[in-house]
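Summarising the annotation, TrEMBL assigns coiled coil to 90-134.
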């Protein structure tokens, strides 16, 4: 090492270019070596993250939504909204969706009937209360 250093020093005294070139090459190799290890570490982290997403079913869900978007004959104006809306419905068939929609309709109708019945019962209760008040004051 010392002999190389002396040689580079002597080259440096006669011409600064070889010494600077030696430094540049050394730095490039060192940086390249560090980048290689850094790239391997980030590749390993990426691979772990990819396996995590696959195991959680995220990759399959996203793929399914994107395929359904691709297969739509008329593309929606807002692709992001389409993905957001359909991401929650992944794995549900059209029969499931139709059944759920019908259940919502049925429940809304039932709620309206119960609200109507509630109003009728309130009116009857008010009639009984007012007639019992009138009956008790008449005696």
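Cβ atoms are placed via backbone N, Cα and C, with glycine included.
Beyond the ends of the coiled coil (90-134), by six or more residues, the same chain brings 60-61, 64-65 to within a C-beta distance below 8 angstroms of the stretch. When pLDDT values are averaged over the coiled coil (90-134), the model yields 89.
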